[in-house]
Amino acid sequence: MGTFTLHQGQSNLIKSFFRNYYLNAELGLPNDMELREFALQPFGSDTYIRHLSFSSSEELRDYLVNRNLPLHLFYSSARYQLPAARDMEEKAWMGSDLLFDIDADHICKLRSIRFCPVCGNAITSEKCERDNVETLEYVEMTSECIKRGLEEARNLVEILEDDFGLKPKVYFSGNRGFHVQVDCYGDCALLDSDERKEIAEYVMGVGVPSYPGGGENAPGWVGRKNRGINGVTIDGQVTIDVKRLIRIPNSLHGKSGLIVKEVTNLDDFEFNEALSPFTGYTIFLPYISIETEVLSRNIKLNRGVPIKIESSIGIYLHLKNLGEVKAYVR
């Protein structure tokens, strides 16, 4: 048997689900989209298509549906005079929004399994020598871990609002965490990497002393420290980078099939099937036997035994490497 490589979302059926979604999706595009660089990872490719520029949502939709269907879709946090220029200097940077990234898997220890998609055996290496195929990895994302990520987002919002006077927006990343974004103009947009690093370190609590004896309701870090909040777990590199790509709100995450969605009320957020746009049922063929939590549900799969399951779950399982969606059932 020759070497077998499985690209996430390789299936034509999964592509049709994504294409149908983008035909009518109302993407959350910035008002100044003509100043933003757009980028995407198409189906069946490990590389990104970058340096794209669009002047309207209709032009973008036509490109996505008819030319390059995205597995992952982004625009730049930066504004540029020439966003389609291939040389970063030629783009002429005009400022950037302020970004924070919270990955729940950096907060929790998650169960992960590496296995061969042909024989179904658990394998620690990146290749199954018996079947001469690359192994796949599945990482179980639990609702409890997402809740912990949401709590980090809540603490971050408090710091940005109370200590900086900013108005952040929180987005579910579509997979395993949250993005917090501040739309920046004027001086905020022109913050350089060193200044953004200072903000990142501040929200992470770097160098913030303890305040024993202070009340839990005291303002700022005094109250936070006495409530047991020592800092927010963020990926500091995301905040520092003034030319970072952002997942487009209401786009689909190619590793889950879930929507990148603004969370307007943190108390109401739930990690469940409502985050998927897909309806109906699919026939799903598992690669391995496993019991696992999927979008706050416990799912039992038996290797090689097809099951009829909600499309939201089936597509999620497919993109998480646990098997293949074989058919769509209304």
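For all residues, glycine too, the Cβ spot is worked out from N, Cα and C.
If you check Swiss-Prot, you get these features:
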ACT_SITE  ASP101  active site
ACT_SITE  ASP103  active site
ACT_SITE  ASP235  active site
BINDING   CYS116, CYS119, CYS128, ASP131  Zn(2+) binding site
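Using CA atoms as reference points, the active-site residues ASP101, ASP103, ASP235 were checked against CYS116 (Zn(2+) binding site), and the closest is ASP103. Within 8 Å of the centroid defined by the CB atoms of CYS116, CYS119, CYS128, ASP131, the record's Zn(2+) site, lie the Cβ atoms of PRO117, VAL118, GLY120, ASN121, ILE123, ARG130, VAL133, THR135, excluding the listed residues themselves.
Taking the Cα of ASP235 (active site) as the reference point, the closest of the recorded positions ASP101, ASP103, CYS119, CYS128, ASP131 is ASP101. Annotation note: ASP101 (active site) sits in a strand segment as assigned by DSSP. Of all Cβ atoms in the shown protein chains, 23 besides its own fall within 10 Å of the Cβ of CYS116 (Zn(2+) binding site).
Taking a C-beta cut-off of under 8 angstroms and a sequence separation of 6 or more, CYS119 (Zn(2+) binding site) has the following same-chain neighbours: CYS128, ARG130, ASP131. Shown are the recorded positions ASP101, ASP131, ASP235; the one with the most C-beta atoms within 10 angstroms of its own C-beta is ASP101. The Cβ neighbour count for ASP103 (active site), using a 10 Å radius and every protein chain shown, is 19.
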